[in-house]
Amino acid sequence: MRLAGPLRIVALVVSVGLTWIVVSILLGGPGSGFPRIQQLFTSPESSVTAAPRARKYKCGLPQPCPEEHLAFRVVSGAANVIGPKICLEDKMLMSSVKDNVGRGLNIALVNGVSGELIEARAFDMWAGDVNDLLKFIRPLHEGTLVFVASYDDPATKMNEETRKLFSELGSRNAKELAFRDSWVFVGAKGVQNKSPFEQHVKNSKHTNKYEGWPEALEMEGCIPRRSTAS
């Protein structure tokens, strides 16, 4: 029974000694600050150098455009929920955020020499007046760039003259555009050939991504500026 007191003292000394050893390990030794404690709160991922992000150029293009070219991105609307976007030279010409898009055809007219926006409007092709669209695209000047993004329904109100005018701007698909198709297109007044910048997806219940609508389309590229001499 007389050994109980000394044993308690020995146990206390051993306990203090072990505590000191653990603290020393955590602190990393004298003069080393708190690196070991910091390691406990550092995730393995944070110690690995993050991979560099891929650089994005104007309008989010993965590569820069050549000199005297205009960078663009055109995105059609998704069903009747998400509005379209038209970006040129890193400037958003039309979008839901700008509150200048709507059901039907969203069209931005751009000066082919300067790249400056002339006018941007949305035309309701379900319940609107097609004559408003015709008045907009009939008097275009030579070299005017025409950016088009569909939203919901681009074609119900289209007539033969409308389809002919878009075909003259370089469209291959305007003549067959139908109810709720998805369509993005970049053309120009006075072009001799068909535009390389056009995408079209038919509305089909067998292939539609959404219930009643095909997938949204996204197109990007570089358009050569029109020279003042041409």
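A Cβ is built for glycine as well, from the same backbone N, Cα and C atoms used for every other residue.
Following the DSSP three-state reduction, the secondary structure of C87 (disulfide bond) is strand. Within the same chain, the residues at least 6 positions away from C87 (disulfide bond) whose Cβ sits under 8 Å from its Cβ are C59, G60, F72, R73, V74, L93, listed in sequence order. Here Swiss-Prot flags C59-C87 (among others) as disulfide bond, drawing on similarity to another entry.
Taken from Swiss-Prot, the feature disulfide bond applies to C65-C222 (among others). Cβ environment of C222 (disulfide bond): L61, C65, P66, H69, L70, A71, F72 lie under 8 Å away, each six or more residues apart in the same chain. The DSSP secondary structure for C222 (disulfide bond) is strand.
Annotation source Swiss-Prot lists domain 'GG-type lectin' at 68-226, citing sequence analysis.
Per Swiss-Prot, the feature signal peptide maps to 1-33; the stated evidence is sequence analysis.
Around C59 (disulfide bond), a 10 Å sphere centred on its CB holds 21 further CB atoms from the protein chains shown.
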